[in-house]
Amino acid sequence: MKKLFLIIGAPGSGKTTDAEIIAKNNPDSINHYSTGELLRAEVASGSERGKIIEGFTSKGNLVPLEIVVETIVSAIKNAPKNVVLIDGYPRSTEQMEALDKILKEESDVELTNVIEVEVSEQVACDRVLGRARGADDNAEVFRNRMSVYLAPLKPIQAFYTAKGILHKINGERTIEEIVSEMEGFIKSRL
């Protein structure tokens with residue numbers, strides 16, 4: 001049985017870095033993937049699904065939700081280790097519902113927890129912009145990414161809270177402190 005942990009958080013929350021470090025600290029037991037990496041790996045594999053994905057990405061189009069979710073679930077099932085961390089998913093209620101639907105049919109994958117790395121908008125902005133004050137376009141891009149993240153956040157939180165699997169972590173600390181807490185939490189759930 002594969003245990004899946006989804007790690008969500010604002011741009012600049014450190015979710016990818018946290019997950020990478022935890023996987024590196026536990027090479028025998030934990031895999032980490034990002035959705036983009038999984039799609040690129042599927043294309044590189046030359047599989048039928050990879051060819052379909054490339055048909056969309058090569059034209060700059062979004063990959064249909066169903067294909068994204070199938071790719072994620074396939075990667076989880078084929079992961080060499082039993083614990084899988086995926087960061088940056090779900091990004092929408094549609095992605096959340098699609099994954100939930102597929103996981104209901106899967107007996108060998110369990111969504112163990114969704115970990116939300118919480119940071120204020122100001123901290124996230126400072127991290128993303130590297131404290132380089134001024135460049136409005138960068139701040140503008142950040143604000144857009146932030147609003148895209150925040151728009152579906154409440155229903156996503158409510159959905160996973162109702163399932164009793166949402167776990168929030170304060171992301172406004174050192175990487176060491178955050179990783180230590182997150183890693184300890186993940187291990188406590190195995």
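Just so you know, glycine gets a Cβ as well, placed from its N, Cα and C.
The region 'LID' annotation in Swiss-Prot falls on one of the ranges 25-31, 88-94, 102-108, 130-136, namely 130-136. Cβ-based crowding with a 10 Å cutoff singles out Ser13 as the top-ranked of the binding-site residues Ser13, Thr16, Thr17, Thr35, Asn61.
Of all Cβ atoms in the shown protein chains, 20 besides its own fall within 10 Å of the Cβ of Tyr89 (AMP binding site).
If you take the C-beta of Gly12 (ATP binding site) and look for same-chain residues 6 or more apart in sequence within under 8 angstroms, you find Val119, Val123, Ala124, Cys125, Asp126, Arg127, Val128, Phe142.
Ranked by Cα separation from Thr17 (ATP binding site), the binding-site residues Asn61, Val63, Arg91 are led by Arg91.
Mapped onto three states, the DSSP output places Arg91 (AMP binding site) in coil. Note on Arg173 (ATP binding site): other Cβ atoms within 10 Å of its Cβ, all shown chains, come to 14.
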